[in-house]
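Quick one: structure below, then a few questions.
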Amino acid sequence: MREAPAFTPTMPRTGKPFSVRMTNCGPLGWVSDRAGYRYQATHPQTGRPWPAMPAAVLRAWAALAGCPAEPEACLVNLYAPGARMGLHQDRDEAEFAAPVLSLSLGATALFRYGGTARSDPTRSVRLASGDAMVIGGPSRLILHGVDRILSPASDLLSPAPGPLLPDSVPAGGRLNLTLRRVSAIRRA
């Protein structure tokens, strides 16, 4: 995270800041600002390429995603207590056959999901530290979001910032790593 400091994205139409901070790793990173939602190869503030995805993250993808193509983007959302993420669909990718893999670390989140239409009913589940969720197949384009961060059930992010937890990591908060394949998978 020192190579790609966390930043606060904004909504394209309104310029309103998200309540989460984020960064990325991998060949591409997801960003949102007045120019829109998109993937790009460089950090929006530093202009430098995103750092490589850690080997452990790639191993998680290989073990859980059921997709032979590697992910190209790992979005790291940093949720401080009180942060949330409104219902949305992950549809900025060219490849919907590949799943989205979500890895949760730190505080438990109340995760809400529904169908593909805003009028569909929703349900909520708790995602605790260490939970992994794969959104794929017919569910790949479901609406989903985070209603709130619950009181820390994990002390994973409780220590004071230091070499392993830079200042941008919210103590007592939650990290979510979202892995995606962005470009089309070449098929033989």
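Residue numbers in this text run from 1 along the chain shown.
Using N, Cα and C of the backbone, Cβ positions are placed for all residues, glycine too.
Here the structure is a predicted model, which means the values were calculated and not measured.
As listed in TrEMBL for this protein:
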BINDING   TRP30, TYR37, ARG38, TYR39, ASP92, ARG118  substrate binding site
BINDING   ASN77, LEU78, TYR79, ARG174, LEU175, ASN176, LEU177, THR178, LEU179, ARG180  2-oxoglutarate binding site
BINDING   HIS88, ASP90, HIS144  Fe cation binding site
DOMAIN    70-183  domain 'Fe2OG dioxygenase'
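Mind mapping these onto the model and telling me what they sit next to?
TRP30 (substrate binding site) carries a strand DSSP state (E or B).
Look at HIS88 (Fe cation binding site): DSSP puts it in a strand.
Summarising model confidence by region, the domain 'Fe2OG dioxygenase' (70-183) averages a pLDDT of 86.
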Is it possible to list how many residues within the domain 'Fe2OG dioxygenase' (70-183) are helical, extended or coil according to DSSP?
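The composition, in the requested order, is 3 helix, 45 strand, 66 coil.
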Hey, of ARG118, LEU175, LEU177, LEU179, which of those binding-site residues are within 10 Å of HIS88 (Fe cation binding site), Cα to Cα?
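Cα within 10 Å of HIS88 (Fe cation binding site): ARG118.
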